[in-house]
Protein chains: 2
Amino acid sequence: MGRALTVINALGLMLVVFSISYVLPVLTSLIYHDDTLTDFLLAMLWTAGTGVLLWISTRRYRGELSIRHGYLLVVAMWTAMPAVATFPLLLVIDGLSFTDAYFETMSGITTTGATVLTGLDHLPPAINLWRHELNWLGGMGIIVLAVAVLPLLGIGGRQLFKAETPGPMKDSALTPRITETARNLWLVYAGITLACILSLKLAGMNWLDAVCHAFAAMGLGGFSTHDASVGYFDSPAIEFVLIVFMLLAAMNFATHFLAWRGRSLRIYLHDAEAVATVSLILGSCLGIALFLWWQGVYPGFWTALRHASFNLVSMATDCGFASADFNQWPIFAPMWMLFLSCITASSGSTGGGIKMIRTLVLVKQAGREFLLLLHPAAINPMKIGGQVVANNIVFAVLGFIFLYFVSVATLTFALLISGLDFISSFSAVLACINNAGPGLGVVGPAGNFGVLSDFQTWICTAAMLIGRLEIFTILILFTPAFWKR
Amino acid sequence: MGRALTVINALGLMLVVFSISYVLPVLTSLIYHDDTLTDFLLAMLWTAGTGVLLWISTRRYRGELSIRHGYLLVVAMWTAMPAVATFPLLLVIDGLSFTDAYFETMSGITTTGATVLTGLDHLPPAINLWRHELNWLGGMGIIVLAVAVLPLLGIGGRQLFKAETPGPMKDSALTPRITETARNLWLVYAGITLACILSLKLAGMNWLDAVCHAFAAMGLGGFSTHDASVGYFDSPAIEFVLIVFMLLAAMNFATHFLAWRGRSLRIYLHDAEAVATVSLILGSCLGIALFLWWQGVYPGFWTALRHASFNLVSMATDCGFASADFNQWPIFAPMWMLFLSCITASSGSTGGGIKMIRTLVLVKQAGREFLLLLHPAAINPMKIGGQVVANNIVFAVLGFIFLYFVSVATLTFALLISGLDFISSFSAVLACINNAGPGLGVVGPAGNFGVLSDFQTWICTAAMLIGRLEIFTILILFTPAFWKR
Ligand SMILES: [K+]
Ligand SMILES: [K+]
């Protein structure tokens, strides 16, 4: 009981810190005079107040957390922050239910980018900025969580990533290292975001759109200020800029940090994930472009290549921008994009899904099994990027992937029972659990998660959270062993 | 080169033995005077002749086979036997292409039971008997392969099944044991088939239908002599009999043998797979019946239970009979049935898919991972049915399941590229790789694989073979290591 109150104490502090993030929409409201100033100030006050209340009422229980309570805190943070983040949405948008508002903020903070809102073009600028800031903050949060926190908890092969991160991020002493690692990552993330804002402005966006889309691109969130998403701009320059920054955001930010510190691009070649991801995406862009051209979806190869590249990179990196209604393409193309969204993003990036490192472990393990069938006595340790991967880590990775599929199947069946068709159900679950954004069918890029019933909306909300917290973090709370003294 | 000729020598002998199986359709043709006598005698002659030719021309290379050439022989047998089995179909049915004929015989011999033929009710009795005999022979072949041969090759965790089989099947000395094991299994299989024929006759079928459907039920093949499948009879008694024998065929035949030898039903309770399979199927029947009743598909609960039970058991055991067009049921129900077809059948049964033992290993491994997250230093060996499962076997099982999913995804994408819709593609691949039979969409229980293009037909043919030979056996031929000296 005392330990649970320690979790609440830490959560209170987090909420106070989180309330600072309302400064940006408050400034936006001041600049654009969009009549949302008091709403955002109220939301800020309520968030800070809730935090202070939790913090003060449990201050006697301040202290260190066990691993077990580490899980509780992570889950509590990622459910409480979207809850308080709904305040401005509920205050400003008439008739928005809490279910839909919570879906929207969860979608923002998990960097899923699926939306239940329509008429985005006419939302007050501060509201749009707030949605996009959630994308950006969520991206930051997940990088720190993935690079600094989850490896210590030992989630689904995360130890591997820790071992792979050279230099200052390698150490395992908890508190001081988390702080230093987080600061370094934060600097890299903020720096690349700034470059993205400026590039988008140069490519022709206004400042508000540039900031919003840079936030959404770097967090691989994929929210847009327009119902037509990036298709609204119809600009190859903007699409090109976004492709570059989406690819950067889908790589491990620790690699960016090392490349920056060492002033060397060669670092990227030593990142097995980055190499595999970029090769797979480039090959797929070319293949899908040829397919769309062959099928006559676009009259010329170059037009096909432009639309294939932007939408494929967007889905494969789990960003979720759209420049065309790829739900209308021959089904092979969007299915391949959905498949890529499951496996492509790097660990330590802002993308979701299984992650490229786990995909590599899986492929190498299959190769090992073949060799063992032919030479039963062979000793053949797994190596990735020159490093041996221990068997217990392979097990953790395989366990992760199994639970990933179990989660996908269970949530899909839940949507099927509720009466949704198969393609919409399956793609909605994949799009949410991968934190990608648009699915196919009724939740396709031209559609919207607003058509879902409340039950279906909560299933999708759960899928986003399960995916973002690497599955184990959530599901472990439902095991009897977790609650055993 | 010499070794490859040894494989061909053994294959020749197999074909000579296989030609004996034409005796049954020849007898049928004599009884029913259906004008196919010369066709079957010709087919028998050609098959035996081909076999003798292969055998004699390579007789200098007779000898023992290495593990590597064991794979080659297994794959050669399962591709050559359906090829020669097409002879009577091509001779009797006008306008049948080799592609379709090979699909049909492969479907028979892999006990998939998907068909490209329509007008089954008007086929000559001997042709129908031949199709059903392929189901039965394929079932026999796969039991021997699974219980006696594959464990020795070490395919995807098969060692586990060997270790679990007590008594005469436990030993690992190859040749004498295979013979003895095969004879015991053959007796059990033939005995239960005889009981099934008599039960179906008593339940109201004529002799030809009783024999054909008993063959299809015991091999879990699912061919029927009627386009409407078992729905043609509209008889609860027949459906009940078939449910019982499908469940028996979906259990490990080694368990049947032990129960028969020990005169004890208690043996079944010690078979972890049988217990899990029956519990899962019973629970699912009840759940789907309630779902169909709730959705108003059937007016009363008992009607819903009757149709849910027969079609669900048929799909879950990978048999593939149908008594209703379950493709028209609300999508949750057929999707759940398709899901069960992936995991439910026991090892050493005539069913297909992942098999219940591997499902159990997967679930236990996930539990181990959770415990390890909470207690990183815990030592927690996996136990199934009281026996410890070694880590290398867990790896083999996980590797198998990974390749299963890779195969499903690859083949589905191949069908999508060819222009087939997603539900038909996905369900056709699952139905074929699980050797279940009907899928959904255009290949649903009221549809037919005859609508597929040649390319699509070959993809499905490949899926049946890959699934039947436990994936590794086929895919290993495509690894460079296999062909390295
Ligand atoms: K996203
Ligand atoms: K079947």
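Placed from the backbone N, Cα and C atoms, the Cβ positions cover glycine too.
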Checking B:211-234, B:331-354, B:427-450 against TrEMBL, the stretch recorded as transmembrane segment is B:331-354
Take the mean position of the Cβ atoms of B:THR111, B:THR112, B:LEU220, B:GLY221, B:ASN435, the recorded K(+) site. Which other residues of that chain put their Cβ within 8 Å of it? B:SER107, B:THR110, B:GLY113, B:ASN135, B:GLY138, B:GLY139, B:GLY219, B:GLY222, B:ASP318, B:CYS319, B:GLY320, B:THR350, B:GLY351, B:GLY352, B:ALA436, B:GLY437, B:ARG468
How many other Cβ atoms are found within 10 Å of the Cβ atom of B:ASN435 (K(+) binding site), counting all protein chains shown? 33
Establish whether the number of Cβ pairs under 8 Å between the transmembrane segment (B:186-208) and the transmembrane segment (B:240-260) reaches at least three, counting only pairs separated by 6 or more residues. yes
Top partner of the transmembrane segment (B:240-260) among B:40-58, B:272-294, B:331-354 - counted as Cβ pairs under 8 Å: B:331-354
Under a three-state DSSP reduction, the secondary structure at B:ASN435 (K(+) binding site) is coil
